[in-house]
Amino acid sequence: MTTLRAFTCDDLFRFNNINLDPLTETYGIPFYLQYLAHWPEYFIVAEAPGGELMGYSEWCVIPKVLMLFMFTVMGKAEGSVAREEWHGHVTALSVAPEFRRLGLAAKLMELLEEISEKKGGFFVDLFVRVSNQVAVNMYKQLGYSVYRTVLEYYSASSGEPDEDAYDMRKALSRDTEKKSVIPLPHPVRPEDIE
């Protein structure tokens, strides 16, 4: 039976099986500690019966961004209520390879959407590599659509060119007219993102 529990500092040394996937964005220990210190209630880990980490999740709702890692979720909320931009943002969603295709990512996304609804968000958004069609298709199945393309969002290694990202969104009940998901007709650069 999978156990969802609060993420602890010790988990930072146990989640390499989740973070070593080439499509998973990884961060330094101070980044994780910052989220753990500021939004501990939004930093969740999924643990398999044998004690191995399946994924972690960290998300927060502070006016505009929510973050998820699979079976780890990281996030927060951000934005402006007056401009109808208050939303949850998925920072990362990553599931350990041996625990994929079990519905864990969908469950984490559902939890994040519920938190965003309770916090009065208009939508949930996330960024995903254009080349990661498995993830893009999964998010589409969960009701997300491509809002815009962000040019050269992901830094490349080994001298390869930077990679574009899709900014995908799903409107929440507060956005009754679904304004937040009307696609932009042109791509943007990372510095143009609020």
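Glycine too: its Cβ is placed from the backbone N, Cα and C atoms.
Quantities reported herein were computed from a predicted structural model and do not represent experimental measurements.
In TrEMBL this protein carries:
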DOMAIN    2-173  domain 'N-acetyltransferase'
REGION    158-194  region 'Disordered'
COMPBIAS  166-180  compositional bias 'Basic and acidic residues'
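Residues of the same chain lying 6 or more positions beyond the ends of the compositional bias 'Basic and acidic residues' (166-180) and with a Cβ under 8 Å from any Cβ of it are 84-85, 87, 113, 116-117, 120-128, 130, 136, 139-140, 142-150, 193. The residues of the compositional bias 'Basic and acidic residues' (166-180), classed with DSSP into helix (H, G, I), strand (E, B) and coil, number 2 helix, 6 strand, 7 coil.
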